[in-house]
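Okay, so here's the structure we're looking at.
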Amino acid sequence: MKRTFILFCLVKILYTAPFNDVELNPKYGNLFEGDIAGVDIHRGIAQIPTKNYAKWPNGIVPYIIDPLTYNSTELDTILAGMKIIEDQTRVNGKNCITFVPRTSEKTFLRIFNGQGCWSYVGEQQKVGAQQLSLQKPSATVRGSCIYKSTVAHELIHALGFWHEQSRPDRDNYVKINWQNIAPDNQYNFDKYSTEYTDDLGFPYDYQSVMHYDSHAFSINGKPTIEVLQSGVELVSVQDDLKRESISDIDAGELKKYYGCI
């Protein structure tokens, strides 16, 4: 599924809202693959660290949420996105992944109301705040990231996972309609070899919270991704926003990657 992190992210790029589904959910921006900070879109894969570099030690993720940024309903949604991951990755009553309010930890997530929805992949900062943007709705800004599924998506990036359709075997499961994607957005549909990614032994997951929807980055309203397996559909962007859970494969991969199964 969303490829465990094996990229060393170097250059943070400013986000500007593009076309397509951004008005509903601005995950499809001008960052690398739409919502991944720290990778130069003109350089792509730069350097491979050890896998342990990408993991949060013991699956514990300290965080702060910028004060006076979100109202109580928005804050509850962010915390609910965290709880989805915690609940679905619990093994024998014990948390595999735990989000904890930061006290004195040197490395932590800083969740803030930035421009769009985006995250770094894996633990990047050895000291200091690692940024994760969750844009809130407003009268002057298009789109919002304040949905449980979107929060979970960005948090799973921060936990070390890539997008599902980036896995090397994706062409066996989906067809990319390049003609429906602007040339300067086609890098968002790159796939990576096993040198850079690890599927952890799990099958391709059409229902992954980390999978693009069928019209991601479309320039003409036509599908950019088509499913090759009969009887299967990708989750629409509208249904994605209503999700109350991650997929079972999402949860299984997180548990395996963090050594809980």
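One is the number of the first residue shown, and numbering goes on along the chain from there.
Positions of Cβ are set from backbone N, Cα and C atoms, glycine also.
Curation does not apply to TrEMBL; its annotations are automatic.
These come from TrEMBL:
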type	residues	note
SIGNAL	1-16	signal peptide
DOMAIN	43-261	domain 'Peptidase M12A'
BINDING	H153, H157, H163	Zn(2+) binding site
ACT_SITE	E154	active site
DSSP-derived structure type at H163 (Zn(2+) binding site), helix or strand or else coil: coil
Binding-site residues compared (H153, H157, H163) - the one with the fewest other Cβ atoms within 10 Å: H157
Cβ packing number for E154 (active site), 10 Å threshold: 25
Integer average pLDDT (0 to 100) for the domain 'Peptidase M12A' (43-261): 91
E154 (active site) in three-state DSSP notation: helix
